[in-house]
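J.: Pasting a structure below so you can have a look.
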Ligand SMILES: *Cc1c(COP(=O)(O)O)cnc(C)c1O
C-alpha cells in the first residue's frame, strides 16, 4: 500500500469561492490568479473549475501556454510582465496580456514585430516600491505606449501593500489618482483583501488569488469566517503508529515535548518533506477522526506526533486532517509563524493529489 498522505482538491469549493468573488465585486470582471501552479493546487488540475472567470492571471509563460494548449481562449494576464524582449514572440503567438512596469519594456514593445497589437497593463507603483512607475512617471509612460502600433488597450494596474488594513488604501489610492490624472482607461487594483474589504477599489477588473482557494488574505481565518469561503485543499493522512508515554517521557527530535502524565501519542505519516511547516510548535491544531487535537514534539521530515488524549478511540489507520475544512490552513500557518499562502504553495511534489 502507498503511504496514506493525500491532498484532496475540492472542485466545488473553487466554483463556490469564485461565486463569492462575483458577489463581492458584482460590477467588475475577474482575473482569477493562478500563479505558482494555482497556489500549489495544480494549474492543469484546477483551471476548469474556475472556467467561468473572465481571465486568468499568472507569471510564467509556461503556465500561460499550458492554459492555451488545454483550450482556454479568454484573456491571460502576465502579472510580472515579460522578462526579456524575446518573450514578446510568445506573448504575440499566444495572445497574452502583459503588464509593463519598466521603460526597457516599452522600448522592447516599440521594437517588436507582432502579428497584431496586444493589451497592456501599465503598472503604477502605489507606494509599495516593488514593481511599477512612480505616479509622476505614469503619464509619460502611457503616452509612449499609446503611440505604439503594437499596443491595443491600456489598463492601469496597481497592487497594495496593506489592503488588510481598513485605512491601508488611503495614501495608495491618492497616488493612483495622481498617476491617472487626464487618462481615460480601465483600472485593475484589487487583490483578495481589496475584493472582500475595499469596494472603493474594485474598478474594472479585480484580481483575487488566495480567496479562490478559501484562505484568508490577512492570515487570520476569523477575518473570512463569515464570508462563505470554503477551503479548496485538504491535506490528510493517517496514524501509522501509537506510543504509550509515561510521565516524563520525551517525544521526537530534541525531546521538544515531555509528557507530564500517562499519554497516548499518534504518529502521523506527514512531515516537512510533504510541505507541513517544520516550525509548527507544540499545540498546532490537527484533527484525528474529526476530533480537534494538537501536535506535540518536533515536526520531522516524514512524521509528526499528535496528542490522542481527546480521542481515545483513535488508533492505527485513523484519519488525520492536517488542514482542510475542519483545521483551517490559516490556523496551522499562524501557529507556525507564516501564512496560508506559503503552506499551500509549498505542498511537496511527493504528495499525491486527488480531485473531489
Ligand atoms: C498574487 C497577486 C494577486 C493576488 O493576490 P491575493 O492576495 O492572493 O489575492 C493580485 N495581483 C498581483 C499583481 C499579484 O501578484
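Along the chain as shown, the residues are counted starting at 1.
Placement of Cβ uses the backbone N, Cα and C atoms for every residue, glycine included.
Source: prediction; values computed, not measured.
Okay, these came from TrEMBL:
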{"type": "ACT_SITE", "residues": "35", "note": "active site, proton acceptor"}
{"type": "ACT_SITE", "residues": "253", "note": "active site, proton acceptor"}
{"type": "BINDING", "residues": "130, 301", "note": "substrate binding site"}
{"type": "DOMAIN", "residues": "232-356", "note": "domain 'Alanine racemase C-terminal'"}
{"type": "MOD_RES", "residues": "35", "note": "N6-(pyridoxal phosphate)lysine"}
J.: Kindly point out which of the recorded positions 130, 253, 301 have a C-beta less than 6 Å from some atom of ligand 1.
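T.: Checking each Cβ against ligand 1, none of them comes under 6 Å.
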J.: Provide the number of Cβ atoms within 10 Å of the Cβ of residue 301 (substrate binding site), excluding the reference atom itself.
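T.: Summing over all protein chains shown, residue 301 (substrate binding site) has 11 other Cβ atoms within 10 Å.
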J.: With DSSP assignments reduced to helix, strand and coil, which class does residue 35 (active site, proton acceptor) get?
T.: helix
J.: Between 0 and 100, where does the mean pLDDT of the domain 'Alanine racemase C-terminal' (232-356) sit?
T.: 98
J.: With every protein chain in view, what's the tally of Cβ atoms within 10 Å of the Cβ of residue 35 (active site, proton acceptor), excluding that atom itself?
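T.: So the number of other Cβ atoms within 10 Å of residue 35 (active site, proton acceptor) is 18.
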J.: Sort the recorded positions 130, 253, 301 by C-alpha distance from residue 35 (active site, proton acceptor) and give me just the closest.
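T.: Smallest Cα separation from residue 35 (active site, proton acceptor) among 130, 253, 301: 130.
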J.: With DSSP helix as H/G/I and strand as E/B, how many residues of the domain 'Alanine racemase C-terminal' (232-356) fall in helix, strand and coil?
T.: 19 helix, 44 strand, 62 coil
J.: Cα of residue 301 (substrate binding site) to Cα of residue 253 (active site, proton acceptor): how many Å, rounded?
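T.: Given the Cα positions, residue 301 (substrate binding site) is 11 Å from residue 253 (active site, proton acceptor).
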J.: Using Cα coordinates, what distance in whole Å links residue 253 (active site, proton acceptor) and residue 130 (substrate binding site)?
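T.: Just about 40 Å between their Cα atoms.
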